[in-house]
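The following features are taken from TrEMBL:
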DOMAIN    180-229  domain 'PAS'
DOMAIN    430-500  domain 'PAS'
DOMAIN    570-793  domain 'Histidine kinase'
DOMAIN    817-929  domain 'Response regulatory'
MOD_RES   ASP868  4-aspartylphosphate
Amino acid sequence: MRQTETTAMTDDEALREALLEINHLRAREAAALREANALLRGVQRMNTAPTPGRALVELLHSIAATMACDCVAVVHDRSGDAIFHPVVGGDLGRALARAGAQFTRTSRLVLDLALTTWWNASVGPYRSLALVPIVVSGEAAAIACFSMTPGSFTRGDIALLNRLSELAAQALSTHDLAERNALLAAVIDGAPIAVSIADTSRPGSPVIYVNDAHCRMTGTPRSDVIGKSCEAISQGLDGTPDRERLRAAIAARAIGRFETVSVRHDGTRFDSDLTVYPVALQGRRSYLVASQMDTTERRAAERERDQVRHRMIAALSEASEGFLILDADGTVVLANPSWRSLFAGAPCGWQEGRRFVDIWAERLLVSGVGHKEAASQAEARLAAMRSGRRDHEETLPDGRVVLLSETSFGGSQCVSVATDVTRLQASRRELALRAAAIEAAQDGIAIIDEGGRYLYMNSAHLDMFGYAAHEVIGHSWTGLYAEDVVDRLRQTVLPALARGGSWRGELIGRHKSGGPVEQEVSLTMLSGSGLVCLTRDIGMRKRQDAENMRLREQLNAAQRQEAIGVIAAGVAHDFNNVIAAISGSALLLAENEEIAERDRAHARRILKASERAGNLVGRLLDFGKRRACARRIDATAVLAEASDLIAASATGRIDVQLDLPDETVPIVIDGTDLLQVVLNFVINARDAIEGGRGSIAVELMAEADPGGFGDIIIGRLGAGPYAAVSVTDTGSGIARDRFRAIFDPYVSTKGKDGTGLGLAVVAELARDANGLIAMTSTLGEGTRFTLLLPRADAPRSRPCEREPAVPSTDLTLSGRLLLVVDDDPDAGETTAAMLERLGAEVAQCCDPEDALEAVRDDPGAWDALVTDYEMPKLDGHSLAASVHALRPDLPCVCVTGRRDVSVAGTPFAAVLTKPVGSTELAAAIVAAVMRKEKVLQ
């Protein structure tokens, strides 16, 4: 029983397993059938779709029906975001951020999307998801099925979706390829370049495609080209080498480029660039693509460019400026002849194609620069040229100066233009010098435009009117003149200027302060427009002219007075000698008791008449003597004020130079006297210069050594210190033996043109001022006159005090040996006779040199010397000085017809004026002798 039950249970289990196996097989068959039907439907719908894009959509609809889902989409991973496209059966609004990897990494079955962290319900109202990843054109993607019901999909659905994804991947690839092909076709159809394609796998390689640009360019319809041999695209190449090259390229399925002249459908010709190249499919070259472009305009432009370049090169070859053009690699593109001439020196020259740095380094090597340094300098020069636009000057080895303008373009290309500016630089310097000269000119210079406005005014003009430049430049000239002057200029001057082109005259301008500006104006019309105004302030000149006129009048008056004085002195001297002889003889007669009283009365009347004659001579001297007022003056200021008068005294082409010290030079003399001496020296110097060409130098020295100016002709040397005025000329010179004679009255070196009084007056003026006159001269070379005057700050000698009068009872000269010298024999004999009556023993002579010789023979024999002053060969002063050199204590008494000789500064013990009485003469001699004897005691 149990065995039977056990057997029955085993059979039931076997039956159940069989039934399960049958059910499993049926399920597998159902799944296989479902899969097959799904695949069949998908393939059928894809194949019936008109386009690859539509085929993909139909496949997605088939998947949606098979999966019984609400939405099917292709998911793409774009930079980590999930992008849904295309989508069928539902709506997926936006991309799902940062969820790309969730869809494309692996197959996924999600029972409820709401439980995930990466899903966003805003993308769509779906709850469950089944997806399978695929690869499309090398990019990761996925086929995703969405359902609004949770848990809608099973693992079987995943397996089915996996099989359908293969179809989807194929459909997507086909769709992408179709899109790319459509894009390429659109590009080719719309391209401006003519494109044609030939099938080289078929006989004759017929054309299978031409785009619209080809039809437009050739004017040939597609129907006339499609199906014809690809050689049809080379119309216009018949009989040319390019025809054979094209055939060779087609036969070899090779790339080739041809510049051709093609023919349009209407027969017109055009330039074109033709390029052919093979296209390989599945490893073999099956097609030949030709691209063609109309280059008529480009080639015309190139031909015009070449013509322009040739013209430019021809023009640059003739240009005086140097031109250098460098390519980007620093090679020479162009160096015109001027450049080659300016920068010669490189042994191989500036040939096109050579590197700039090599040429420049060669030039430096020739000049002695070392190889390494030359290369470095050349590289630095090229870098500077490439640095941008710059202008600079460079001095060439031969001294010429060039202006270099360098510009870089296109990266490293550059152009350098060299202009020889040597003459321009010289012109600039000359213009700068002229401008500086105009600016530094003492005369005012201004430029006025045609509208009457000042364009330029130099400093002298501005200072003359007291304005600054910005106050007058651009303003009318009328602002510098009063209304009446403006009216005069407009009515008379400007019309005359327009007629003659120039005008000169005197005007009165208006200073900025309102004061008058006295001008001498010269106006000149410019060749273009406007005018030049030259002006000089003549107010100072007029005042100087008036002052010079006053000085000339004073000088002339002084000269006339001095001339009268010299004449009077000469006449008085001679008269006094005559009167002295008359009065002396009359005195001897009047005192001679041996003759009758009646005769002695006649002698006394002669004495009275002689006395009146002496008084008349004195009055004549007083009338001719100038009443100068000696005062302390500054010699520098006096001569500076009279500089124009001194310069005007020399005429012709004589250059007068006045050299004055910066310091004051104090002297005691009348200013007119000083000026008269200098002018006399200058006039004599002028007259001594033969031909009117030479120079005169007037020099004032604050301190001077009298021994350094030659022979002292006038005056006697004192203690000093002295100031000096020298006048040096380049005239004919004066013989030394004439030095003293030219200072005598009526002695002239100018013949009948001279008065002989000029230097005599100068001598008197020098004596009056206690001065000296020294001179030196060389025949044929010139003469120097020097006036030496004691400085006002020098210690002055005290005037000699008169000796006490000697009582007349003591007036005896008994036992005295006296020497009497007078060039007038009568006067000398009369004086000797008076002294002999007083008991003296007298030796009388007319020649002062004989007297000097007598003293030299026996200096101790004489008790006193009585001498005249003015004598030939040796005057009284010189005689007394020479005697003192032999015997210093010998008393010397001067008896002269002159009234300007004093004891001070002379070797005389007393000075008496002719006529002189015996008592006065005896008193002077006795006093001198007594004084000497007192000193000896």
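Just so you know, glycine gets a Cβ as well, placed from its N, Cα and C.
A TrEMBL annotation is a machine prediction, not a hand-curated record.
According to DSSP, the domain 'PAS' (180-229) comprises 21 helix, 12 strand, 17 coil. For the domain 'PAS' (430-500), the model's average pLDDT works out to 89. The secondary structure of ASP868 (4-aspartylphosphate), as reduced to three states from DSSP, is coil rather than helix or strand. Across the range of the domain 'PAS' (430-500), the DSSP-based residue counts are 44 helix, 12 strand, 15 coil.
With helix defined as DSSP H, G or I and strand as E or B, the domain 'Response regulatory' (817-929) counts 49 helix, 23 strand, 41 coil.
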